[in-house]
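See structure below.
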Amino acid sequence: MTPTILVSIWVPRLLRGLLLVVLLAFLLSPESFESLLKPLVQPNAPAIYNQGSLLTITLLHLRTVFLATVAATVIAVLLAILVTRPFGAEFLPLSRSLVNIGQTFPPVAVLALSVPAVGFGEKPTLIALFLYGLLPIFENTLTALTNLPRPVMEAAKGSGMTSIQRLLKVELPLSLPVIVGGIRLSVVIGLATATIGSTVAAKTLGEVIIAGLQSNNLAFVLQGGLIVGALAVLIYDALGAVEAMLARRAGLA
Amino acid sequence: MIEIDAITKRYDDITVVDTVSMIVEPRTVTVIVGTSGSGKTTLLRMINRLVEPSSGAIRLDGEDSRSIPGHELRRRIGYAIQGHGLFPHRTVAQNIATVPNLLEWPKARVDAKVEELLSLFQLDPKVFANRYPHELSGGQQQRVGVARALAAEPKVLLMDEPFGALDPIIRAKAQEDLLAIQKHFETTIVLVTHDMDEAFHLADKIAVMDKGRVLQYGPPPELVRHPANPFVQTLIGDMQRPFRLLAVSTVAGATEPGEAGGEPISEDLSLQEALAELMWSGRRAAPVISQTGEMVGRITLDALLKHAARPK
């Protein structure tokens, strides 16, 4: 390998590893970073978020995003499978519009509308994230399922697979990398969007940012924002690696 | 035996295959030729019901193909296509095992079959069984595609331009392999191609299609000697006629008693190859030997020319 390739492969990996280490260190022992953040706050204000454990809030934030993404994945993939079957083809335009509405409808508005229905807390946030996350997964699954190599599909049918067997043994395995690509996008959007859930009392990292804004505490805003940012970068990269591995395994790369 | 009985396929008001009837004898190679859009692929795909006929019937050994579900029918009929269509996420062994696994063969039988086929196609099982299709050359992929089609020991093998994506040298080898395999398994093969050389090389019988109809269906020499109409004649090629005749007969049939000098010619070569040899070595005759190496007579330029001449 040439030095340039070595650099282009290893420098990003090292930086990511470093980011992960710093993030974990900060979550497990925020106090050790106090001196770094102290200059950002007024003399008597706390530099580290003090209304709850950052680790717990981060885990809850991740949980919310995870649950919403799982639900969005199940529904979006099922919907995409349905509309790519012969009997479901006529629902394609309808489901496309529905999913598009989910994406264009602002999450804040979803929160405002769902609070009266389901109350404050995690639920309205889950609904908003779920709707917001549908589109990338749906569109990617749709693209994958409709662009499978023709000779392969022809061979699957010609060798006597039933439509269910074709779906499970050929179509889905070959589509998986692209579906994961959609999930990856959805997760990253969800990680950032989840912060607004704290406006309706969901336990997310938005809480830290909002607390900082309310008490004019730049350190709070910064740590809330940076944790979300670091999570997004790390998870995006990790899912990217999963996607590449799946593509290799599917013999597509 | 495949009986195709007045089969028709219409898409709206376009008739792609128009009341075609033909009988494919068991253990023979039937080649369907025609220009693109002639309906030859549609005809082939109606045999395993990848395309459902609009009317007419197809019987396999007397059994109406509509009497069993399509996917079960297709498990009984081998199917190989241009560009092989191997499953990219499955190994060579898994690809070949596709239909046996659908039929739920016991694992030991599947494994034995995969190994047998790989060896038969000159792919070392130890080396190739666990490779993925993208790790193979074009010729190897094509062989695995045919092996997959043959894995469940089908009596009938359908092939749609199976060698279309191969370069000429590999294609010639693939054709030889196919003929050897066909003899080995005694499979009935129906093959679609637009390549007349391929058709004459492989076929026991050729069906010429144009605009959804079969214009002529018969043994290759018959097509050359008595083309049913100008289209068939054009497809065969006026300049090619004598050579096509020579290509479809072997030296054995034109051998006469007598002696000649120089390198002997094997009696299982085609007359075309014998002619090429005589012309190239500047001889008017050559001795003929049998496959076992015995002298059986000679072949002369005159005999060859007689074989290549228009029937009177």
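The backbone N, Cα and C atoms fix where each Cβ goes, and this holds for glycine too.
The feature domain 'ABC transmembrane type-1' is assigned by TrEMBL to A:58-239.
The transmembrane segment feature in TrEMBL is assigned to A:61-83 (among others). Taking Cβ pairs closer than 8 Å, the transmembrane segment (A:61-83) reaches residues 89, 91-92, 95, 99, 122, 125-126, 129-131, 133-135, 137-138, 141-142, 145, 167, 179, 182-183, 186-187, 190-191, 194-195, 197, 202-205, 228, 231 in its own chain, all 6 or more past its ends.
Among the features that TrEMBL reports, transmembrane segment is placed at A:104-121 (among others). Away from its own ends, the transmembrane segment (A:104-121) comes close to residues 127-129, 131-132, 193, 196-197, 199-202 of its chain (Cβ-Cβ under 8 Å, at least six residues beyond either end).
According to TrEMBL, the transmembrane segment annotation covers A:127-149 (among others).
Outside the transmembrane segment (A:170-198), and at least 6 residues removed from its termini, the chain residues within Cβ reach (under 8 Å) are 61, 64-65, 68-69, 72-73, 76-77, 107-108, 111, 122, 124-125, 128-129, 132-141, 143-145, 148-149, 152-153, 156, 161, 204-207, 209-210, 224, 228, 231-232, 235-236, 239-240, 242-244, 246-247, 250, 252. Annotation comment: TrEMBL describes A:170-198 (among others) as transmembrane segment.
Non-local neighbours of the transmembrane segment (A:218-239) in the same chain are 16, 19-20, 22-23, 26-27, 30, 37-38, 40-41, 45-49, 54, 58, 61-62, 180, 183-184, 187-188, 191-192, 195, 205-209, 211-212; each lies 6+ residues outside the stretch with a CB under 8 Å from one of its CB atoms. What TrEMBL records for A:218-239 (among others) is transmembrane segment.
Long-range neighbours of the transmembrane segment (A:127-149) within the same chain, counting only residues 6 or more positions beyond its ends whose Cβ lies under 8 Å from a Cβ of the stretch, are 64-65, 68-69, 71-73, 75-77, 79-81, 83-84, 95, 99-100, 102-103, 105, 107-108, 110-111, 114, 118, 170-171, 174-179, 181-183, 185-187, 189-190, 193-194, 196-197.
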